[in-house]
């Protein structure tokens with residue numbers, strides 16, 4: 001063997017398998033301001049100590065592998081390794097604990113949500129020593145936040161662009177989501193916008209199917225939008241879904257939307273992927289488009305309490321990747337969402353600085369510095385009777401989106417839009433007068449219905465509709 005390639009055990013390398021905790025469990029470590037911090041809910045296999053399981057998570061999501069390797073000696077593991085620096089029991093769960101892991105910032109490519117997730121959650125979730133693993137929260141350091149452009153301009157700039165202030169924005173998802181021709185689809189858009197809504201929306205799976213190709217939909221919806229805008233004197237928008245099978249096709253649709261002069265487009269950011277989403281967000285910023293984000297597929301990732309990734313992490317990632325709106329659940333509608341948890345990640349979307357608050361599921365203080373905020377979108381199984389609660393829960397900086405709650409009105413789409421607009425204006429006025437929306441909500445709606453026949457008809461149709469199921473994802477006791 002050539003002297004240049006000969007290796008000897010005497011240089012300090014010792015082959016074999018080492019316990020992860022010997023290298024990656026460091027309870028005395030003091031976290032740095034530049035570290036990315038993660039909170040994992042860990043369910044180890046029977047017989048695996050918490051310290052070993054937590055260290056395994058830190059190792060397998062950073063520099064570690066299952067055995068000692070020669071090339072460990074060619075770099076500084078102390079500089080680059082992830083560290084499990086804390087273990088915390090989960091109340092009422094003997095087999096679970098929270099493991100806190102710190103990652104050096106140099107492990108991650110600047111401005112890449114894709115790379116961040118590939119490292120932190122890319123492989124370790126299939127590790128055999130763990131029965132289940134869930135990423136509960138991330139602390140993104142300021143140094144890393146500043147490598148992202150985030151949402152196009154933020155909430156205030158969107159309000160200025162739309163000239164709408166002092167209330168939540170109103171939207172509607174066109175139904176049925178699949179099967180309409182482009183012309184009939186555009187007709188429904190026009191009726192809803194004419195009736196008083198600010199936005200209408202493509203559903204998440206409306207892309208370019210045989211019954212309605214994307215270009216036809218874009219043209220008819222744009223015609224509807226400008227016609228309603230002319231008649232009402234209000235700026236209107238329709239979320240034209242640019243999601244496609246390739247990034248090139250997605251960008252072609254975005255370019256066409258810009259050429260049509262519409263104010264906003266849409267993307268399914270989880271099924272489309274973070275690389276595609278960030279690419280589209282950069283284009284929207286450069287070309288004056290707002291970007292609405294749908295979270296289709298999120299529940300596959302975030303709904304189970306023991307395994308996956310909490311939506312608050314996906315929400316933070318979206319704010320970094322870029323998007324002006326994102327669906328966030330409703331608390332009161334048909335979709336999963338416990339109140340305090342939902343309010344926690346809504347604040348993470350909108351506010352500049354959010355304190356650690358375990359009562360709302362927030363594990364770390366997060367400083368977004370100058371990264372613009374995102375409007376949360378409440379959508380899914382909501383109707384006029386929910387308006388007081390939605391206004392009280394989400395406040396003005398939100399989009400309240402009624403699909404069936406608009407198009408299901410017995411008199412048609414435009415009266416359905418009128419009913420929602422009247423209900424919203426009544427709730428905002430009552431709140432501004434000092435009334436308690438949580439306690440007096442039904443009374444406020446009944447009073448408004450006396451002078452709005454459209455609202456009265458909507459109240460009658462949906463008076464008995466409730467979705468009374470307990471959420472799966474709840475706060476720990």
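Every residue, even glycine, has its Cβ placed from backbone N, Cα and C.
Here Swiss-Prot has 173, 177, 295, 327 binding substrate, and the candidate from 119, 359, 370, 379 in that same listed site is 379. Spacing of residue 201 (N6-carboxylysine) relative to residue 173 (substrate binding site) is 5 Å (Cα to Cα, whole number). When the Cα of residue 295 (substrate binding site) is compared against those of the recorded positions 175, 203, 204, the shortest separation belongs to 204. Checking each of the binding-site residues (203, 327, 379) against residue 175 (active site, proton acceptor), the C-alpha distance stays within 10 Å for 203. Summarising the substrate site geometry, the residues cited as binding it (173, 177, 295, 327, 379) extend over a maximum Cα to Cα distance of 17 Å. Other than 173, 177, 295, 327, 379, the residues of this chain whose Cβ falls within 8 Å of the Cβ centroid of the substrate site are, in sequence order, 201, 203, 204, 294, 296, 377, 380, 401, 403. Candidate recorded positions: 203, 204, 294. Nearest to residue 173 (substrate binding site) by Cα distance: 203. The Mg(2+) site is defined by 201, 203, 204, and by the 8 Å test on Cβ atoms against their centroid, the other residues of the chain that qualify are 173, 174, 177, 202, 205, 206, 239, 241, 266, 294. In terms of Cα spacing, the recorded positions 177, 294, 327, 379 that come within 10 Å of residue 204 (Mg(2+) binding site) are 177, 294.
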